[in-house]
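Working notes, structure below.
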Amino acid sequence: MEFKISGYTRLVGLLGYPVRHSLSPLMHNMAFQHLGLDYVYLVFEVKEDNLKEAVDAMKTLDVAGFNVTMPNKQKIIPLLDEISEEARLIGSVNTVVNKNGHLKGYNTDGKGYVMGLADEGISPEGKTIVIAGAGGASKSVAIQLALEGAKEITILNRTVEAAEEICNIINKNIPTCKTSATGYEDNELKQQLKEADLFINCTNLGMGSHEEKSIISSTDILHPDLIVSDVVYAPPKTKLLHMAEEVGCKTINGLGMIIGQGALAFKLWTGEDMPIEYIKRIILSK
């Protein structure tokens with residue numbers, strides 16, 4: 001279908017820095033074109049010091065909404081009129097909807113991760129889960145997994161206090177999920193993984209300058225019944241996932257999460273379902 005810009009075209013976009021590398025313009029614009037929707041997605045390099053001006057401009061220009069990425073996901077909250085429950089718990093926003101100048105913030109990262117699991121036929125309900133890392137991705141994923149019925153979540157991080165902070169939020173707000181925080185050591189991880197159903201890497205090990213690194217030093221700590229997941233989507237198969245496959249584990253990369261969070265934002269802005277399989281094929285072909 002031909003892609004046209006008209007006087008009626010609605011604008012959505014991404015506020016953050018740096019953002020030129022983002023997959024979001026490709027994902028959303030191809031989805032708009034495929035469905036014949038009169039929207040366009042652009043990126044805007046916005047740092048913390050000019051975030052307020054950018055948000056005011058979004059209102060003035062009557063954009064349909066926008067995504068938010070680092071370094072603005074926490075800083076934007078005071079600039080919004082309302083935030084969703086999961087955004088409140090997570091403490092960050094990655095999607096904003098503009099309805100007649102009323103800005104509501106959402107966090108679709110955790111739900112996007114759960115969508116990626118669902119695409120693989122996996123539900124977090126009743127699962128014992130181990131998460132490596134305690135940054136923003138870990139916080140979004142852990143809280144959403146708890147909301148979705150996870151039985152037990154253990155978060156390992158070199159700085160235990162960061163992991164404890166996430167656990168405290170879950171314990172206070174979602175008491176049906178048992179949580180614990182611990183330091184990151186191979187022996188501790190091996191012990192935790194013995195009873196685990198799902199192991200998630202929420203660190204940057206495996207991507208960029210860390211591409212040759214893995215969160216685990218040996219396959220000995222894995223077992224074949226374990227599902228091993230990585231939030232990293234480039235490369236499509238991290239060193240961790242290669243190691244897990246050697247043991248016979250089911251593996252899942254971060255592509256489902258990135259598409260899932262985008263699909264949820266797409267639905268919030270347009271009311272339409274993103275053609276996920278079509279978008280997945282396009283991204284994999286790049």
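Just so it is clear, glycine is given a Cβ too, placed from its N, Cα and C backbone atoms.
What you are looking at is a predicted structure, and each value in this text was computed from that prediction instead of being measured.
Listed by Swiss-Prot as binding NADP(+) are E85, G133, A134, G135, G136, A137, G254; the candidate from V63, V68, V114, V231 that the record includes in that site is V231.
Record check, Swiss-Prot: shikimate site residues include S22, L23, S24, T69, N94, Y233, and the candidate from D38, D56, D109 also listed there is D109. Residues listed for NADP(+), E85, G133, A134, G135, G136, A137, V231, G254, cover a largest CA to CA span of 24 Å. Among S22, L23, S24, T69, N94, D109, Y233, the residues given in the record as binding shikimate, the maximal Cα to Cα distance rounds to 18 Å. Apart from S22, L23, S24, T69, N94, D109, Y233, the residues listed for shikimate, the same chain places the Cβ atoms of L14, N67, I258, Q261, G262 within 8 Å of the centroid of those Cβ atoms.
Ranked by Cα separation from G254 (NADP(+) binding site), the binding-site residues S22, L23, S24, D109, Y233 are led by Y233. When other Cβ atoms within 10 Å of the Cβ of G133 (NADP(+) binding site) are tallied across all protein chains shown, the result is 25. In this structure, S22 (shikimate binding site) belongs to neither helix nor strand by DSSP; it is coil.
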